[in-house]
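Copied over from TrEMBL:
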DOMAIN    56-361  domain 'G-protein coupled receptors family 1 profile'
TRANSMEM  45-65  transmembrane segment
TRANSMEM  77-103  transmembrane segment
TRANSMEM  115-133  transmembrane segment
TRANSMEM  200-220  transmembrane segment
TRANSMEM  251-277  transmembrane segment
TRANSMEM  297-318  transmembrane segment
TRANSMEM  338-360  transmembrane segment
Amino acid sequence: MDDDYTSIEDYFSNEVYLTHSSDYEELLGNNSRPELSPRDPTELVLMYAFNAVIVATGIVLNLVLVKGIIGAKSNGALLFVLQIALIDVLTLLTCNWELYYYIRRTWIFSKLHCTLYSGLESFTSVAVVYFIIGLNFHSISSYNLAVELSKNALATPDAESATESLTEENNYEVATDSISQKRSLTIDYRYKKRRISVRLPILLVWFIAASESLPLFLFADIETLNPADSAEQPIKQYCTELTNTVANHNIVSLMVIAIRIILPSVALVITLAQTVIKFYRGKHFTQPDEIEENVAFSLKLSIFLSISYAVFTMQRLYGSLLQEIILQPKIVPKYPGFNPIVGISLAVLHYTASFIRPLVLIIMCKQKSNNVDITFTCQKRAENNSISLQ
């Protein structure tokens, strides 16, 4: 021994302090933020191009779509489109976190950014697919209502008798102190049901998305992993959800698989098949005048949004989210089963959907064949100096 100890107590005391001091210094060194290598010029060019073309332009297109829908005071299917446009804005605002996360293979931002990214990523992913499913159900219900009204109109041979069957006069008496008067109340049943309400489904989707993302807003944190050869490999940090026990991990995993993968996938496929069938069947009858909404256009919106989600985003559910759950408790980045080039390409494909959707929807609204009265730009009238939407 190099040190002389006068008692056994001095020996153990010295050993304990020496051991804890060295371990604590090593722990501090391991928890430090990883050093970043100098940025690759190619990486900078690609990130600037992506932000200029996809992110900035996509946000502008979505805001233009939101302005047009709100200005036209639209209802029905376009209210679902309004919610999807707002979600796409949030999606584009969070994409840079993930792209840097995937390119660097480590989390380079603060804990607050980790919490915001995890919560918003879950919130937008859940909301957009359930809004599309809600739109599909709304379009199917509107089609069924139109068919029902058409059959009722065909069942009545005479127009006058049809009007009489749809209206009814109820006589009732209004009694005052000295006079009893008879008055008639006319009820027009043609206006009893001619639209499908969308407020409750929209509120329900917002509630589901908020409930699913709440645990990530509360428990997302940065996890530091030390490589086997710490002298040669840098320390990696991951933005993940921290849970206390393995049982909690299993519960969260089952909830994510059910709510974010299985249920939306099955519902999207079934409702998409139904909307396609309804759309082609709808070509054989004329939409009744009682229906305020353009049913054919609603079905077109449903088909396009469902197909766009399947093409751009469905791969994310099974290629990234499901793989992350299967590999637990091991912490992995996005798209763990793919090489970096394929992974970053799939991530870009997912976020490109938030740019493609508003662009195509604006074009669809401007087509005369769809008979949609929505304007997106502002122009001044010379005669009265008032601003009108064109």
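Cβ atoms here come from the backbone N, Cα and C positions, even for glycine.
Remember, TrEMBL labels are computer predictions, not curated facts.
The stretch in closest packing with the transmembrane segment (338-360), judged by the count of Cβ pairs under 8 Å and taken from 45-65, 77-103, 115-133, 251-277, is 77-103.
Model confidence over the domain 'G-protein coupled receptors family 1 profile' (56-361) stands at 82, taken as the mean pLDDT rounded to a whole number.
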